[in-house]
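> According to TrEMBL, the record shows the following:
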type	residues	note
BINDING	A:Asp95, A:His203	Mn(2+) 1 binding site
REGION	A:173-195	region 'Disordered'
BINDING	A:202-206, A:324-325, A:373-376, A:Ser380, A:399-402, A:Lys475	GMP binding site
BINDING	A:His234, A:His324	Mn(2+) 2 binding site
ACT_SITE	A:His399	active site, GMP-histidine intermediate
Amino acid sequence: MELNGFERLSELEWHLPATDAMRVPVIIYADEALMRDMNDKVREQAVNVAKLPGIVQASYAMPDAHWDYGFPIGGVAAFDPEEGGVISAGGVGFDISCGVRCLHTGLKTQDISRVKEQLADTLFQRIPAGVGSTGAICLDSREMDEMLAGGASWAVQNGFGETADLERIEEGGKMTGADPAQVSQQAKKRQRDEMGTLGSGNHYLEVQRVVEIYDQRIAMGYGLTQDDVVISIHCGSRGLGHQIGTEFLREMAIAAASLNILLPDRELACAPIGSPIARRYLGAMRAAINCALANRQILTHLVRQIFSQLIPQARLPLLYDVSHNTCKVEQHEINGRKRKLHVHRKGATRAFGPGHPDLPPALRATGQPVLIGGSMGTASYILAGTERGMQLAFGSACHGAGRAMSRHQATRLWHGRDIINQLARRDILIRSPSCRGVAEEAPGAYKDVSAVIEVADRAGLAHKVAKLVPLICIKG
DNA sequence: ATGTGC
């Protein structure tokens, strides 16, 4: 990326002052190497977002940012309804409420060594993964609406998991304001038999090992110790979220054209907060959040069933579940004034600091667990939200390593089979229905997750707590 | 991300 024009406010904070039609500056959190390696399109897209009506404070990009449809992935933008703020489907992305949840197991690495291969094979056999994967559950139209209104809470009521899980999920497992009536029949049809499935792309289910603790006090608060085995699930709202994103992007673009709204980029189609289309989108998007929460809850139940058969002494309570593709109404203090903002996070993890009222009592003293999945075969990290982070980007942090090249480029450089063999030599068991999918997700196709995490930690977006490395990865 | 797409 061209760095000309940026003011370097600190080592890790790059500031592009508001010029021309920009209403606010762009702020990117990154080190110089990450900045240089970012495509110019990230800058262009973040600048375009800064031009949208009612944007507050800045158009932010996290250290894992890369360009995407309209808004960059790793982008955070908040809008104030009292200043003509907007909602944009592109600011959330296609995989609505894609996120990560992490489960404890109560086990140490050696407890699973004897059954590791069997565990990998059983997880792969029983957890539906890949493009178009379907599960054992088929929802009729009434059940679909209940699921879309109830999220993980609906899943627990229907026998998937435990009530204790709910307080460890954003929104208590149930996003309020979801309106199943705003979800198209086509979106519901696509989702009918996709509950409890992983999907494809960067989604995965990993059995991981805690290899490093950076903050003993917070790690203790999270119930994490060295050499613990944990399970991370990364997936979203599958076909339903994708369909909603597609439909509303199209509809918002058409509406903008007919209303003569000048967009800096057609892909930034948006609508004023409070307008009928924005309200319908929010209702549908919140239903998709519930779909993703229910999906991860059902997957959790499947994992627990498998563990109870293979390692009966294992107990799998939920550490936390957090999304990184959402638009949420949140209260933030700007220049001493409390304002209700519509915060878009696209490939950015919510990272609320200590004392935040939305956190459950057990996590309020430490700050919210910020679950960050790395690329396949590298490392994942658990961070904690900080008070400082609440001021830096509305309580947000990065969401992963971030792609360094396109999927197409990756398939020209690597073969999936080679990647699987290389990782097997490091005792990382990959199971996937798609060799091509594995090639697209080759570790080399991503930025260095550790460099991204160092920036997030040192910039103060979130605070490093633990590092996890994969033992088994079920890849979509 | 996705009932993937040149």
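Here the Cβ of each residue, glycine as well, is placed from N, Cα and C on the backbone.
Nobody curates TrEMBL annotations by hand; they come from automatic prediction.
Show me how these features fit into the structure around them.
DSSP assigns A:His203 (Mn(2+) 1 binding site) to coil in the three-state reduction, placing it in neither a helix nor a strand.
Residues 133-135, 137-139, 141, 144-145, 147-154, 156, 165-167, 237-240, 242-244, 247, 280-284, 286-291, 293-295, 297-298, 321 of the same chain lie 6+ residues outside the region 'Disordered' (A:173-195) yet bring a C-beta within less than 8 angstroms of a C-beta in it.
In sequence order, A:Leu123, A:Ile127, A:Ala129, A:Leu198, A:Ile231, A:Ser232, A:Ile233, A:His234, A:Cys235, A:Leu299, A:Val303, A:Cys473, A:Ile474 make up the list of same-chain residues 6 or more apart from A:Leu205 (GMP binding site) whose Cβ falls under 8 Å from its Cβ.
Secondary structure from DSSP puts A:His324 (Mn(2+) 2 binding site) in coil.
Annotation note: A:His399 (GMP binding site) sits in a coil segment as assigned by DSSP.
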> Near A:His203 (Mn(2+) 1 binding site), how many other Cβ atoms are within 10 Å of its Cβ?
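24, counting other Cβ atoms within 10 Å of A:His203 (Mn(2+) 1 binding site).
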> Using DSSP, would you call A:His234 (Mn(2+) 2 binding site) helix, strand or coil?
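For A:His234 (Mn(2+) 2 binding site) - judged by DSSP and reduced to three states - the answer is strand.
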> If you count Cβ atoms within 10 Å of each one, which of the binding-site residues A:Asn202, A:Asn325, A:Ser375 comes out on top?
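For the binding-site residues A:Asn202, A:Asn325, A:Ser375, the Cβ with the most other Cβ atoms within 10 Å is A:Asn325.
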> Tell me the residue counts in helix, strand and coil for the region 'Disordered' (A:173-195), as DSSP assigns them.
11 helix, 0 strand, 12 coil
> Tell me the Cβ neighbour count for A:His399 (GMP binding site), meaning other Cβ atoms within 10 Å of its Cβ, over all protein chains shown.
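32, counting other Cβ atoms within 10 Å of A:His399 (GMP binding site).
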> Can you tell me which binding-site residues out of A:Asn202, A:His203, A:Ser375, A:His399, A:Gly402 are within 10 A of A:His324 (Mn(2+) 2 binding site) by Cα, answering none if there aren't any?
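Near A:His324 (Mn(2+) 2 binding site), where near means Cα within 10 Å, the binding-site residues are A:His399.
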> 10 Å Cβ neighbour count around A:His234 (Mn(2+) 2 binding site)?
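Summing over all protein chains shown, A:His234 (Mn(2+) 2 binding site) has 25 other Cβ atoms within 10 Å.
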> Name the residues of the same chain, 6+ apart in sequence, whose Cβ is under 8 Å from the Cβ of A:Gly402 (GMP binding site)?
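Counting only residues 6 or more apart in sequence, the Cβ neighbours of A:Gly402 (GMP binding site) under 8 Å are A:Pro63, A:Asp64, A:Ala65, A:His66, A:Ile73, A:Gly74, A:Gly347, A:Tyr446, A:Lys447, A:Val452.
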